[in-house]
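Quick look at what TrEMBL annotates:
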{"type": "DOMAIN", "residues": "10-83", "note": "domain 'Cellulose synthase RING-type zinc finger'"}
{"type": "REGION", "residues": "141-161", "note": "region 'Disordered'"}
{"type": "TRANSMEM", "residues": "252-270", "note": "transmembrane segment"}
{"type": "TRANSMEM", "residues": "282-299", "note": "transmembrane segment"}
{"type": "BINDING", "residues": "S338, K344, E345, D374, K515", "note": "UDP-alpha-D-glucose binding site"}
{"type": "ACT_SITE", "residues": "D374", "note": "active site"}
{"type": "BINDING", "residues": "K516, D540", "note": "Mn(2+) binding site"}
{"type": "REGION", "residues": "642-664", "note": "region 'Disordered'"}
{"type": "ACT_SITE", "residues": "D760", "note": "active site"}
{"type": "TRANSMEM", "residues": "838-858", "note": "transmembrane segment"}
{"type": "TRANSMEM", "residues": "870-888", "note": "transmembrane segment"}
{"type": "TRANSMEM", "residues": "908-928", "note": "transmembrane segment"}
{"type": "TRANSMEM", "residues": "958-981", "note": "transmembrane segment"}
{"type": "TRANSMEM", "residues": "987-1009", "note": "transmembrane segment"}
{"type": "TRANSMEM", "residues": "1021-1041", "note": "transmembrane segment"}
Amino acid sequence: MELEADHGGTKNVKQQVCQICSDDIGKTSDGEPFLACHVCAFPVCRPCYEYERKDGTQSCPQCKTKYTRHKGSPAIHGEQVDDGEFKDVGTKSTAQPGGIQDEKHKIDRMLGWESGSGRKDYVTPSYENLTHIPYAASRPSMSGELSAASPGRYSMASPESGSRATIRLGDQQREYGSGGFGNVAWKERIDGWKMKPEKNTAPPSVSNAPSEGRGGVDFDASTDILMDDLLNDETRQPLSRKVPISSSKINPYRMVIVLRLIILCIFFHYRLTNPVRDAIPLWLISVICEIWFAVSWILDQFPKWFPVNRETYLDRLSLRYEKEGEPSQLASVDIFVSTVDPLKEPPIVTANTVLSILAVDYPVDKVSCYVSDDGAAMLSFESLAETAEFARKWVPFCKKYNIEPRAPEFYFSQKIDYLKDKVQPSFVKDRRSMKREYEEFKIRVNGLVAKAQKVPEEGWFMQDGTPWPGNNTRDHPGMIQVFLGHSGGLDSDGNELPRLVYVSREKRPGFQHHKKAGAMNSLVRVSAVLTNGPFLLNLDCDHYINNSKALREAMCFLMDPNLGRQVCYVQFPQRFDGIDKNDRYANRNTVFFDMNLRGLDGIQGPVYVGTGCVFNRTALYGYEPPIKAKHTKPGFLSSCFGGSRKKSSKSSKKDSKKKSSRHVDPTVPVFNLEDIEEGVEGAGFDDEKSLLMSQMTLEKRFGQSAVFVASTLMENGGVPESAAPEALLKEAIHVISCGYEDKTDWGQEIGWIYGSVTEDILTGFKMHARGWKSIYCMPERAAFKGSAPINLSDRLNQVLRWALGSVEILFSRHCPMWYGYGGRLKFLERFAYINTTIYPITSIPLLAYCTLPAVCLLTGKFIIPQISNLASIWFISLFLSIFATGILEMRWSGVGIDEWWRNEQFWVIGGVSAHLFAVFQGLLKVLAGIDTNFTVTSKANDEDGDFAELYLFKWTTLLIPPTTLLVINLVGVVAGVSYAINSGYQSWGPLFGKLFFALWVIVHLYPFLKGLMGRQNRTPTIVVVWSILLASIFSLLWVRIDPFTTRVTGPNVDQCGINC
């Protein structure tokens, strides 16, 4: 931005854009550009100027000069009002004959103002007696505290009762625009403010005499307040916005996709009409594989047609829900951490995750952390007790110095200048002391781990001498321990700490416990009974909070009055620590997180990936989102004859009856716990019988717990004030019992869905099928970070589990190819889910296609006949379109070419190994009922050196298929080159296509080959044995083919004899 100053002291602004909100700065009533600061002419629009004067620093952001009051601006507290100025304004308005139209036009522009499209030529009216409209939740919470409201449950307080507003809202184009404050929801909120009386406030005594010169139009005091806040209060602005990808990046990308589709059609036309006569089996296999690859590419490519970015405004969230001097009105969040085996998931890793949660930048009374120990290990219990004690020192240190990240292991291991931006003299001393405290804490936890390596014959005993209830991990009662609470847990400075709860659900022989999905559903019920936060965040035990404002980022979507009603969850990308620089096995999965999920965010939202996701509790309970009212114009026939209006009303009644019978309406009135338990008449019911029928229906759906059923009906979350903690804990033990879910909808329609080891995909799919939308949030600083298995064998086992879950969904009733067509799942979103479930099947054609080069080299055949010049052009065009698609994808997504290439390589490695085994295991489970148990991925610390685990070789059968492919293709290359040398110059031409084909396979399997070689390129003995065995087999096959024998073609002796 450039500024020019003349000698008179005035400055001309070349770029008329506000540097705060990027809108037009607008003009004054005289038609001149609005100039907020007369000293430096820093471009600021009128609303930002008014906000800065009213609630900000009252000074220019650039030169820090205090703002002077402009003509027409309301006076702020302590500022003298120039009566002469207002007299002039009033005289001018009454003297003009067109005053009525001018005033109406001014009001229309104010109420129809859109935040996203600029605020043009608007003038702030000068009204007296301005007061602020207080915020209030739409209903009081059942706990008697300030409501931790959930999406769609926030509304601004209405103006005082008795106020009348006869003004007309903005023009239709602004009222029904797609963005900003001019949309339908904003209009409805303004109508609500004008019509709904304010509770507990007396109506103001305002004289409503019409003003002179205004033709009898009445503008009362409440209208003045409304217009002032609409313009000047930043809390009215949206908390986030969708940022589309630049057209210069996305349009060429779409054009190349369409072009590639056309080229594919021409390519397949040529392939099908030009078979290879002397190698029909090879030709047929190759064509089938290529068709499958094309279908798989379409399913993967088109859901990325509408990629978007999103921005959040954390300052607006604080202004709206955190008033100075008042309790925070941010929604409560229950955070779930799941762990199973403390020997594979080190307690110190889980402790760091818990500590980062307890130190998160969010009101402490709104955060509750629930740790699920599904292995009932005493080691997990004792280490969590140590973590709670250390948190009393760690949390105040984090908040005092505002450090990032707030997981001590990763904070102290950062190789950065930790003194940057730190100005407190005590920081160095406190940091050194805290590091010593953490090292002592770490030693205590390591001592517990060492003690737990050998289990005593009589089992574990607690400190009071009683046996540990979880000594038998498959047969033990439910256990709940509250370590920190809102009333008793204080840190070293005397401040409250978030609630920390240990949960281990009941396990009994003969019951199906549903692994992680069952554990998560138990946490949903326990948290509903104890705290009942309207939002839930689930994290794996190795995923710590890397950005302390992550919860606030999610609340910008979930607590937005317009957007939040439709959002089932906010998914964050997974980022990882401890991965080698080259990311040999594509552990970062950047292509999926930075390309695919951003593409889905522009359709109906990203899929749920199992961790780092903030849920709307209402969506987890199986409810459908509120249906938006569609303003449809009547058709020509109906407008002429009016015959279809009655019919449509009847059909809508039928539809509403069907919907009400199919599910419980999430917008029904809130019921009190006493009403449900005593069976008295409740809100929304006519008599006791109907209430009991509803209670029976809800208990059949949610289980036999009146307390939990009551919690599902609490609109803003929270628990009853009158509930005793002992009674709640007893009820919490009940809801995690083994038989609680019997004959209920848990795992079928409610909570995490059962039926697959990848319960995350299935759970998100069910929500999207009901019509919910999800949001993909990618803050500049990664919200969460975790660990990934960098070892080849562990990585393949992890991919095997994911692929097996997809195969299970494919052969279940929830398969996206036939499930949910009666719902509101969008077409391209269904494409993405179909691709998510069928991608393991691609392993079969991929394995066949990777074998073809070796077969062609060994037999001298090829899958493509001799091509003409025109056909070669189409082949080259296909390759160029493939490369162009990848390049343009990297351009709009920001993914590097090295990450893209690693993803392509591991697609082949995982496809011919883990995905292949997943298909066969899935078929065995579906057809023969043979279940396969997955192993928990190890979350080990890198204590043996940098990336020591990367070079660790663990034998698994998953290594056999890619090893075999490598050997046969290498043998094929050697055989092909030998044959060409032996046959002469003319044989080199056909050889190049076969060699290119084989080298394509070898290059893609190169990271796998490096994984087999180990740290010092030492090949393990088992690999040497396999290689020799396979090489011997193919050598014998090669001898049988005998390519070096000269084949002489001559006359047939049997027909014409020796003298022929």
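Keep in mind that glycine also has a Cβ here, set from the backbone N, Cα and C atoms.
Taking Cβ-Cβ distances under 8 Å and a sequence separation of 6 or more, the neighbours of D374 (UDP-alpha-D-glucose binding site) in its chain are S338, T339, V340, S504, R505, K515, K516, A519. A Cβ distance under 8 Å defines the sequence-distant neighbours of the transmembrane segment (252-270), meaning residues of its chain 6+ beyond its ends; these are 287, 290-291, 294, 298, 301-302, 305, 871, 874-875, 877-878, 881-882, 884-885, 888-889, 891-892. Between the alpha carbons (Cα) of K344 (UDP-alpha-D-glucose binding site) and D760 (active site) lies a span of roughly 22 Å. Within the chain, the transmembrane segment (908-928) has long-range Cβ neighbours (under 8 A, six or more residues past its boundaries) at 585, 796-797, 799-800, 803-804, 806-808, 810-811, 839-844, 846-847, 850, 957-959, 961-962, 965, 1001, 1004-1005, 1007-1008. Applying an 8 A CB threshold to same-chain residues 6+ apart, the list for D760 (active site) reads V607, Y608, V609, G610. The transmembrane segment (987-1009) shares the most Cβ pairs under 8 Å with 958-981, out of the stretches 282-299, 870-888, 958-981.
Sequence-distant neighbours of the transmembrane segment (282-299) (same chain, 6+ residues past either end, Cβ-Cβ under 8 Å): 261, 264, 268, 271-272, 275-276, 831-832, 834-835, 838-839, 842, 845-846, 848-849, 852, 855-856, 861-864.
The binding-site residues listed here are E345, K515; among them, E345 has the most other Cβ atoms within 10 Å of its own Cβ. Fewest other C-beta atoms within 10 angstroms, among the binding-site residues S338, K344, K516, D540, are seen around K344. Within the domain 'Cellulose synthase RING-type zinc finger' (10-83), the DSSP-based counts of helix, strand and coil residues read 11 helix, 9 strand, 54 coil. On the backbone, the CA of D540 (Mn(2+) binding site) and the CA of E345 (UDP-alpha-D-glucose binding site) stand 10 Å apart. Across the residues of the domain 'Cellulose synthase RING-type zinc finger' (10-83), the predicted structure has a mean pLDDT of 74.
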